[in-house]
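In what follows, a structure is listed as structure tokens, so that the remarks can point back to it.
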């Protein structure tokens, strides 16, 4: 049964796991194909190559053209530290406190992710290990205008600083010169080192290749529109990048005992991001699904972003009826959701069986929105089923490892024999002879 | 001074760090641009879409066509576990022992990389943490024919099994039906679960999308030719992939006291991989550089792969003369080499200053070749300067993390206030209201 429960209100796709074609129906609901836009790709390639060749001049020109600012040179497009600090007095006391509380909690959580170098010594004196080092310089892209999210600054900047990145460079476009004080305040609180008011593919290019004014970075993180995402894909290899995110998703597993208004609002909090966001509710209780449907119909009219919410719910949401909580977990593992709410009496009982999810919100009190802002864990999470193989953004994304190998004379002699056999088996005789030189009693010693 | 030291022998580019245009010359030496091949891209896209739509039939057809095998159905292209075990008796006792010693050392080293789940409880009862879970299923690509490297099977398979991956599926083409017993033996020793004798873009497609016979995996790792690399790039997002490797490189820093024959052979061990491989030697001792040049001229004629070695050395090698060891380290950090040999008296003194390198081989006895086979650390390393932001292949590449958030009623109430302020600051009122429902005394409670 795949019907849209229309009634008078919002139409929501309903699936029943015992239906013979459930698998296929679920695949259809989940299908998401980011259309590759050839024109965007061409525009981005031009911008990248122009900035690579002409540096600051190209960046200033694009910024005048796309963002309507009047700067004539790059130095006018930097926000100096004093101006950043000033933002802290331009926002409300309540906002400043909220940012600080969130930043503290995010910092404390991420400090647990720090990795330490390690090594061990074998009996013959050979030392093996791993040296963990922070990246030197990281670029943080922050969208400007309406989609400017101070929480996103905290979530990207704090893990980088906890990792020990020495220079964190933020870019944020200011369309028509309009700056967002909350974004600047978040940058000040998270310890961003430099801020340039540039955006789009030109900002990504400046960070990747460097200009006379903007230093080249080792990695670029942060969300952006299709031009930014395309530019990041293109410069990958020259610099590291974070994941390119798809539309945001929430999956709620509910035992039917949570206030249906709460669940409706939790689904809305995902749906209000954009029309392609996906909200899925799984329960064994058909009557409960109907109650949430009623709450949705009742609450939708009260929402500021009701047009986006209803487009998202009607286009991409699903209510899935299952046999029991175990089956709910199996369906969830199949989906590998970005956000998973376990709105059940005993979430700990389900946790060990959860294999794939970006973040797991346990119990009726743990609304996803709390995690988006101030719980502590990161809100940059793998979307579109990529939680099968990827992780939340973390300190580990700003550190990298070097293997350490230090052979003693004895160790090199013993292992030289092993390497020699294997290298000759592969026909790589320079490898073999290089190892053999280190064998005691060989011609080289 | 950028001259090719020709004399009678091999011509090697020489740079001197005190030259005014040293930076530019170094950039020229390092420049490496993988030419994007439009035709390859089109061929690969066709193969991917054909396998996605026609599954086993398409894979069998391509395998007949490209690998000259006679199979008529997919089941004939699976190597069963008994056949894998059989390979252990088909290789020499010495080879079997060498593989086992290497596998043991690789396993022992990688076990140190395992990450554990963690959590902590706050005073109000809120629990935050990170759950670490292995990927369910991983695909390992192994090239067939001449470039079939059993060491590569060990280096890719063992970290996956140490991570806890439950099903590890290897693909290896067998051109004209020829199997490599060492590769099969390495698969048996590392605990590979299933092996299919398929290769190319069709094998990548089978692993990414799954067919009736080949199960879909969550991540694909392992080296391959341009078709395999292009296919991996294309399926990225559907599955995870490892890094796409550029040509291999070695950078040797030498204090002038290591036997120049040893260093010449270490440089050869890199150069023999392929014509584009890069070997760089840095020393403060000009006379020593001349001695290594002499060793190269003397030894080259004795090498089995002398044509590849001389093409690589003449085309891409460089000898760099610096002021002292500190400057040598600075130049090395600028290059961020895949393999770094510190062939000096006191390598530990230099280690803390090394910021970017895939693997660091310390002291005169630690030939890179030892690390390639049996030291323990991984030989899959970041190339082309990407050590600035990436790490050796490791257990961490086969595990992923989920954030855990479990608010107590008190915690949700306090944090609901913070989230509400921040969400309203971003204009996301469904987020705000979802959080506000959890505030004590709110309408929802």
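Placement of Cβ uses the backbone N, Cα and C atoms for every residue, glycine included.
Copied over from TrEMBL, here are the features:
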type	residues	note
BINDING	B:141, B:202, B:225	NAD(+) binding site
BINDING	B:248, B:270, B:273, B:339, B:372, B:426, B:431	substrate binding site
BINDING	B:270, B:273, B:372, B:431	Zn(2+) binding site
ACT_SITE	B:338	active site, proton acceptor
ACT_SITE	B:339	active site, proton acceptor
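Sequence features, as recorded in TrEMBL, placed on the structure.
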residue	record	CB count, 10 Å
B:202	NAD(+) binding site	28
B:225	NAD(+) binding site	13
B:248	substrate binding site	25
B:270	substrate binding site	32
B:273	substrate binding site	22
B:338	active site, proton acceptor	29
B:339	substrate binding site	26
B:372	substrate binding site	28
B:426	substrate binding site	21
B:431	substrate binding site	29
Inquiry  = Long-range neighbours only, meaning 6 or more apart in sequence with Cβ under 8 Å: which ones does residue B:141 (NAD(+) binding site) have?
reply    = B:170, B:171, B:172, B:199, B:203, B:204, B:207, B:220, B:221, B:222, B:223, B:224, B:228, B:232
Note = For residue B:248 (substrate binding site), the close recorded positions (Cα within 10 Å) drawn from B:202, B:225, B:338 turn out to be B:338
Note = One of the recorded positions B:202, B:225, B:338 has its Cα closest to the Cα of residue B:426 (substrate binding site), namely B:338
Remark   = When the binding-site residues B:225, B:339, B:426 are screened for a C-beta under 8 angstroms from chain A, what remains is B:426
Key: Residue from B:270, B:273, B:338, B:372, B:431 whose C-alpha is spatially nearest that of residue B:202 (NAD(+) binding site), among the recorded positions   = B:273
Request  = Measure from the CA atom of residue B:372 (substrate binding site) to the CA atom of residue B:338 (active site, proton acceptor) and give the result in Å, rounded to a whole number.
outcome  = 12
Query = Measuring Cα to Cα, how many angstrom lie between residue B:372 (substrate binding site) and residue B:225 (NAD(+) binding site)?
reply = 20
Inquiry  = Check the DSSP secondary structure of residue B:141 (NAD(+) binding site), expressed as helix, strand or coil.
reply    = strand
Query = Could you give the Cα-Cα distance between residue B:270 (substrate binding site) and residue B:225 (NAD(+) binding site), in whole Å?
reply = 18
Where residue B:225 (NAD(+) binding site) falls in three-state DSSP terms = coil
